[in-house]
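Structure first, commentary second.
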Amino acid sequence: MTYLLIDNSNTRTKFVLSSPEALLPERYMVPTREVSGERLDEVLAGVRYDAAVVCSVVPRVAEELKNWIVKPCHFLSCDSRLGVGIDYPHPRQIGADRLANAVGAAAYYGYPCVVVDFGTAVTFDVIGPQCTYMGGVIAPGLASMGDYLERNTALLPAIDPQEPSRVIGTSTVEAMQSGAVYGYRGLVKEILARLEGELGVRPAVVATGGDAALIARGVERIDHVDPDITLNGLRIAAGLNL
């Protein structure tokens with residue numbers, strides 16, 4: 001059995017093949033704004049799979065994928081078999097990506113656990129001591145800080161967030177990078193400390209997403225950086241639902 005795992009985020013949509021036991025080397029990516037049946041036919045021409053599992057946070061793309069996929073397919077939701085309970089008053093509000101992260105984290109790192117996913121938004125998702133999804137925190141992503149300043153000021157430029165050489169910037173770009181990276185690490189540390197205090201127990205902390213490695217370098221409380229936690233959550237969910 002070969003699965004096609006589809007992780008549709010706001011910025012990019014990933015397509016990864018897997019067996020029931022592990023991810024396979026074949027990986028494809030399409031910018032989310034470009035996803036269409038025609039584009040997928042082009043990028044994934046010749047890709048063979050038996051069934052697909054999807055986590056999508058973009059309704060337009062979800063519809064495109066429903067029309068494009070002809071094999072058995074499961075869209076991850078709170079109604080899926082997850083191997084993780086849901087202790088949340090409005091489960092249909094939970095993003096499919098957050099559910100996939102919870103599934104992957106519980107399987108690979110145990111529980112309690114916090115998954116920090118650095119994307120367009122940063123999400124903190126909490127899996128409690130009883131292996132239940134409890135909720136979490138949503139904040140603007142790292143890139144959003146620089147984008148906001150560029151859009152709403154006359155003279156500040158766009159920046160590419162990267163490790164500052166020092167805190168005291170000696171140019172506008174250096175000062176913005178320092179504010180973004182060090183400020184963001186402060187945000188992450190504060191939220192993690194408060195989550196741990198509310199849980200009353202020390203959880204494993206797993207970081208994933210595009211900015212995970214950069215931010216984790218300065219946040220000792222992050223135990224693991226795992227770029228594939230969402231995909232492995234999808235792989236596990238495929239085995240439970242297909």
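Cβ coordinates come from backbone N, Cα and C, glycine included.
Feature annotation from Swiss-Prot assigns ATP binding site to Asp7, Asn8, Ser9, Asn10, Thr11, Arg12, Thr13, Lys14, Thr120; the stated evidence is sequence analysis. Secondary structure from DSSP puts Thr11 (ATP binding site) in coil.
Taken from Swiss-Prot, the feature substrate binding site applies to Tyr88, Gly95, Ala96, Asp97, Arg98, Thr172. Counting Cβ atoms from all protein chains shown, Tyr88 (substrate binding site) has 15 others lying within 10 Å of its own Cβ.
The Cβ neighbour count for Asp97 (substrate binding site), using a 10 Å radius and every protein chain shown, is 25. For Asp97, the entry in Swiss-Prot reads active site, proton acceptor.
Residues or ranges marked as K(+) binding site in Swiss-Prot: Asp117. Neighbours of Asp117 (K(+) binding site), defined as other CB atoms within 10 A of its CB across all chains, total 27.
Highest Cβ count within 10 Å among the binding-site residues Ala96, Thr120: Ala96. Near Ser9 (ATP binding site), with the C-alpha within 10 Å of its C-alpha, lie none of the binding-site residues Tyr88, Arg98, Asp117, Thr172. Within 10 Å of the C-beta of Thr11 (ATP binding site) we count 14 further C-beta atoms, all protein chains included.
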